[in-house]
Amino acid sequence: MAEVKREVFGHMPPEEGGGEVEKFVLQSGSVRVEILSLGCIIAALETKGRDGQFADVVLGFDTLEGYTRKHPFFGAVVGRVANRIAKGRFTVDGKEYQLFLNNGPNSLHGGAKGFDKVLWSPQVLPNGVCFFRISPDSEEGYPGELKVWVTYTLNGSELAINYRAQTSKTTPVNLTNHAYFNLAGQGSPDIYDHEISIEADSYLPVDDTKIPTGEVAAVQGTGFDLRQPVQLGKHLKKFHLEGFDHNFCLPPGRARRLVARAHHPPTGRTMEVHTTQPGLQFYTGNNLDGSLKGKGAAVYPKHSAFCLETQNWPDAVNKPHFPSTLLLPGEEYDHTTWLCFSTA
């Protein structure tokens with residue numbers, strides 16, 4: 001059984017509405033996780049290497065101030081809709097909705113003030129913490145009042161993240177966590193020596209604004225074939241790739257299944273991702289540029305972390321042949337992702 005502690009992490013600035021930000025520490029014999037009530041942010045995740053030493057493997061900041069400034073969603077739960085919506089526009093029940101554009105011509109991760117930038121109400125559980133908030137009707141342009149629960153539980157070396165939501169009007173919902181991982185330890189310069197595999201036979205090609213073209217393309221014979229482990233640095237070079245920022249289409253079904261694995265041979269750290277979601281956004285920190293000072297004064301250059309964001313497919317609300325992101329009144333959105341840590 002994990003131990004759970006809570007403490008004050010800081011106070012939101014008055015211009016952000018004030019309010020106390022708490023930190024919840026979940027600890028087992030092999031994993032230690034720190035989670036904030038601001039944005040349900042995973043602020044630290046420590047796991048053992050082959051030498052028995054703990055290292056923090058997620059990017060972030062030492063103080064609240066870092067998280068209240070602009071940053072690339074380090075560790076946060078993003079929503080109401082994770083990923084991109086083309087032109088920030090969609091139609092539901094014959095009515096067109098326009099969202100804030102915060103990623104070129106598109107809306108990204110919920111808009112100007114998404115779920116990552118708000119305080120959630122916490123409830124401590126025996127082996128975790130449940131965060132709750134109500135997203136008001138028309139928040140960031142989305143229809144319907146949305147009740148949302150995000151629950152983190154730690155069992156041994158397994159961190160489970162469960163997302164639940166209920167709506168008063170039909171609305172798109174797509175929730176994920178945006179933790180940036182480096183299994184060598186946060187602050188390590190790159191992820192080129194990591195081995196990555198993703199259990200996906202197809203992926204979504206994108207246009208130059210990162211919106212899926214609508215094609216569902218086979219990975220066979222391409223640089224997107226990660227069904228067998230590849231060493232990331234060599235693989236990017238071999239296929240002349242700038243990095244990944246793409247949705248991988250997972251085997252259909254609502255059951256838990258293993259969808260990705262990251263392994264760092266020098267330390268032996270391994271992370272497996274299991275989920276009930278239909279998609280996985282693999283992102284290699286292409287937009288990190290060393291300008292942010294992170295924990296322990298570390299800088300985070302390009303390709304110094306990766307994200308494995310379990311979610312629905314991007315822009316699905318505008319593509320009827322994609323799995324639907326629409327949640328209807330009376331239905332419940334309910335998805336779980338499991339992160340399993342080990343050394344090998």
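Just so it is clear, glycine is given a Cβ too, placed from its N, Cα and C backbone atoms.
Its Cβ placed at the centre, HIS178 (active site, proton donor) has 22 other Cβ atoms within 10 Å. For HIS178, the entry in TrEMBL reads active site, proton donor.
Its own atom aside, the Cβ of GLU309 (active site, proton acceptor) has 22 Cβ atoms within 10 angstroms in the protein chains shown. Under the heading active site, proton acceptor, TrEMBL lists GLU309.
Per TrEMBL, the feature beta-D-galactose binding site maps to ASN83, ARG84, HIS178, ALA179, TYR180, ASP245. On its own chain, ARG84 (beta-D-galactose binding site) has ASN103, ASN106, SER107, LEU108, THR209, LYS210, ILE211, PRO314, ASP315 as residues at least 6 apart in sequence with a Cβ closer than 8 Å to its own Cβ.
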Measuring Cα to Cα, how many angstrom lie between HIS178 (active site, proton donor) and ASN83 (beta-D-galactose binding site)?
10
Within 10 Å of the Cβ of ASN83 (beta-D-galactose binding site), how many other Cβ atoms are there?
28
Under 8 Å by Cβ from ALA179 (beta-D-galactose binding site), same chain, sequence gap 6 or more:
ILE42, LEU45, VAL58, LEU59, PHE74, GLY75, CYS307
Alpha-carbon spacing, ASN83 (beta-D-galactose binding site) to GLU309 (active site, proton acceptor), which is rounded to whole Å:
9
